[in-house]
Amino acid sequence: MVPKLFTSQICLLLLLGPLGVEGSLHAKPRQFSWAQWFSIQHIQMAPLRCTYAMRAINKYERRCKNQNTFLHTTFADVVNVCGNTNMTCPRNASLHNCHHSRVQVPLTYCNLTGPPTISNCVYSSTQANMFYVVACDNRDPRDSPQYPVVPVHLDTII
């Protein structure tokens with residue numbers, strides 16, 4: 001059982017590794033803070049089919065986003081990761097506001113499979129349990145004062 005699970009995880013890393021994580025530091029809709037946009041793009045408590053789940057993101061971006069990762073955890077749990085030790089962001093060495101999760105979380109990786117027509121974006125789904133790295137910043141005035149530091153970018157999954 002262990003070799004099969006290990007092999008599956010290696011295959012998933014090989015699949016996801018070169019693709020990276022298309023992060024939330026791309027243009028965001030003006031009406032949202034970076035933390036709000038992070039939540040819309042990456043927090044989803046229960047797994048949904050990617051084609052359905054991506055509709056909200058694509059509606060705001062007015063395009064079919066190539067790939068996206070949904071963490072099946074709470075915003076509060078990701079905020080807690082912001083309290084972990086600062087590190088250089090793996091995907092952007094000029095940023096030093098990243099934080100590595102201490103526990104793996106269930107996630108869904110969505111990959112655009114069909115032609116990118118905004119009226120019909122079709123995605124494949126890959127489920128996994130993985131660690132993640134997020135960039136965090138001080139909250140925007142539009143964010144809840146409950147959290148002084150908030151996640152703003154999903155840098156990578158490991």
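The backbone N, Cα and C atoms fix where each Cβ goes, glycine too.
Among the features that Swiss-Prot reports, active site, proton acceptor is placed at HIS42, with the record citing similarity to another entry. Around the Cβ of HIS42 (active site, proton acceptor), 24 further Cβ atoms fall within 10 Å across all displayed protein chains. When secondary structure is read from DSSP and collapsed to three states, HIS42 (active site, proton acceptor) falls in the helix class.
For HIS153 (active site, proton donor), the count of additional Cβ atoms within 10 Å of its Cβ stands at 26 [all protein chains shown]. For HIS153, the entry in Swiss-Prot reads active site, proton donor, with the evidence type similarity to another entry.
Taken from Swiss-Prot, the feature substrate binding site applies to LYS65, ASN66, GLN67, ASN68, THR69, supported by similarity to another entry.
The feature C-linked glycosylation site is assigned by Swiss-Prot to TRP34, with similarity to another entry given as support. Around the Cβ of TRP34 (C-linked glycosylation site), 21 further Cβ atoms fall within 10 Å across all displayed protein chains.
For ASN86 (among others), the entry in Swiss-Prot reads N-linked glycosylation site. Under the three-state DSSP scheme, ASN86 (N-linked glycosylation site) falls in the coil class.
In the shown protein chains, 16 other C-beta atoms lie within 10 A of the C-beta of ASN92 (N-linked glycosylation site). Here Swiss-Prot flags ASN92 (among others) as N-linked glycosylation site, drawing on sequence analysis.
When secondary structure is read from DSSP and collapsed to three states, ASN111 (N-linked glycosylation site) falls in the strand class. Cβ neighbour count for ASN111 (N-linked glycosylation site) (all protein chains, 10 Å cutoff from its Cβ): 16. According to Swiss-Prot, the N-linked glycosylation site annotation covers ASN111 (among others), on the basis of sequence analysis.
On its own chain, TYR60 (3'-nitrotyrosine) has PRO29, ILE40 as residues at least 6 apart in sequence with a Cβ closer than 8 Å to its own Cβ. According to its DSSP assignment, TYR60 (3'-nitrotyrosine) is helical. According to Swiss-Prot, the feature 3'-nitrotyrosine maps to TYR60.
The signal peptide annotation in Swiss-Prot covers 1-27.
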Listed glycosylation sites TRP34, ASN86, ASN111, filtered to Cα within 10 Å of GLN67 (substrate binding site): ASN111
Cα proximity to ASN66 (substrate binding site), best match among recorded positions TRP34, HIS42, ASN86, ASN92, ASN111: ASN111
Among all the protein chains here, how many other CB atoms are within 10 A of the CB of LYS65 (substrate binding site)? 18
